[in-house]
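So the structure is just underneath, and the comments pick up after that.
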Amino acid sequence: SPPVCGNELLEEGEECDCGSPANCQDRCCNAATCKLTPGSQCSYGECCDQCKFKKARTVCRIARGDWNDDYCTGKSSDCPWNH
């Protein structure tokens with residue numbers, strides 16, 4: 001089925017989906033189009049802060065056991081597994 005903008009599920013073709021325009025509280029996301037607002041790089045994620053990607057080498061997941069800390073790349077809002 002085609003993506004539905006406004007259902008709070010990020011689907012193919014959408015950059016963000018914060019719900020209906022009446023309920024959206026995300027200034028990084030245009031609720032009517034499910035696209036990022038002008039100047040925004042992201043709207044969510046461990047490596048997203050105030051609509052921008054966090055700087056590279058920012059810790060996004062603390063080490064546990066034998067694993068190393070995980071770091072933002074500066075190019076994505078996702079926190080990659082670096083172990």
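Cβ atoms are placed via backbone N, Cα and C, with glycine included.
Of the cysteines listed (CYS24, CYS28, CYS29, CYS72), Swiss-Prot assigns CYS28 as the disulfide partner of CYS51. Recorded disulfide link (Swiss-Prot): CYS18 to CYS29, out of the candidates CYS5, CYS29. Of the listed cysteines (CYS34, CYS42, CYS79), only CYS79 is recorded by Swiss-Prot as the disulfide partner of CYS60.
The subset of disulfide-bonded residues (CYS5, CYS24, CYS47, CYS51, CYS72) lying with their Cα within 10 Å of the Cα of CYS16 (disulfide bond) consists of CYS5, given in sequence order. Put simply, CYS51 (disulfide bond) is 19 Å from CYS5 (disulfide bond) when counted between their Cα atoms. Nearest by CA distance to CYS60 (disulfide bond), out of the disulfide-bonded residues CYS29, CYS42, CYS48, is CYS48. When the disulfide-bonded residues CYS48, CYS51, CYS72, CYS79 are screened for a Cα within 10 A of the Cα of CYS29 (disulfide bond), the ones that qualify are CYS51. Just so you know, the Cβ of CYS34 (disulfide bond) picks up 22 other Cβ atoms within 10 Å once every protein chain is counted.
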